[in-house]
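Participant: Dropping a structure here in structure tokens format, bear with me for questions.
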Amino acid sequence: MKKTTVLQVCMVFVVCSLQAVIGSPVDCPDQDTAGVSCIISLEKLLERAVQHAELIHHIAEESKLLFDEMLISFGVVNLHISEGTMCSPKTVSVPMSKTEIQQISDKWLLHSVLILVQFWINPLVDVQASLMNYQNAPSALVDRSKLMSTKITSLEQGILVLIRQILGEGGLVVEGPEDTSDHFVSSDTFETVRRDYSVIYCFRKDAHKIQTLLKLLKCRQIDKENCSLF
């Protein structure tokens, strides 16, 4: 109990600190727009998108730890995750060498990030709703599921703005997100828990990919030099 309390206090401090500086990637909190649409520089948009992705990844890691603790309290240890069926079927790989980084385009980076972001929007909404029905779900876990759902939707809006700014109108044909309902439906209580855990378990991995790809995009657009993941 003491360990859980300390963990929750630390998490609240970190999340609140990050939230204090991160709104939506497309907000203009420091400008008096007087009813006119504000204009944010590309550098600022990329900076906010990276910050958003970092926050989302951080919350996903925390959520996984909190879910692990909840499973232990339920007497469940080493819950098996079948990544082939529960994780994103559209694999977006992170470049593994300097040669690969040089070969990929900014369009590929934007498209890959958008695919990952859009894929997880509905599953995260479903997990948020599902956790509300748990009898003993920690409030910290429920709160983080809501925050993940909100932030991933905000990040999608920011990515769409970045696509228009970097590639221009029509520069990337944006398809609707893949229907993931068949991947995450279950009426069995244990399978529901497994499904919810699988979503968080898999999402934190893709959240790290999103963060990595956005950092690379920001470097290529703004810094221009020494853009490497190594």
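Note: Cβ is positioned from N, Cα and C throughout, glycine not excepted.
Residues annotated as signal peptide in Swiss-Prot: 1-23. According to Swiss-Prot, the disulfide bond annotation covers Cys28-Cys38, Cys87-Cys202, Cys219-Cys227. Residues or ranges marked as N-linked glycosylation site by Swiss-Prot: Asn226.
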Participant: Would you mind listing, in sequence order, the residues at least six apart from Cys219 (disulfide bond) in the same chain with a Cβ closer than 8 Å to its Cβ?
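Facilitator: Non-local contacts for Cys219 (disulfide bond): Asn226, Cys227.
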Participant: Which residue among the disulfide-bonded residues Cys202, Cys227 has the fewest other Cβ atoms within 10 Å of its Cβ, if you could check?
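Facilitator: So among Cys202, Cys227, the disulfide-bonded residues given, the one with the fewest Cβ atoms within 10 Å is Cys227.
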Participant: Take the Cβ of Asn226 (N-linked glycosylation site) and count every other Cβ within 10 Å, whichever protein chain it belongs to.
Facilitator: 6
Participant: Using DSSP and three states only, what is Asn226 (N-linked glycosylation site)?
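Facilitator: Going by the DSSP assignment, Asn226 (N-linked glycosylation site) belongs to neither helix nor strand, so it counts as coil.
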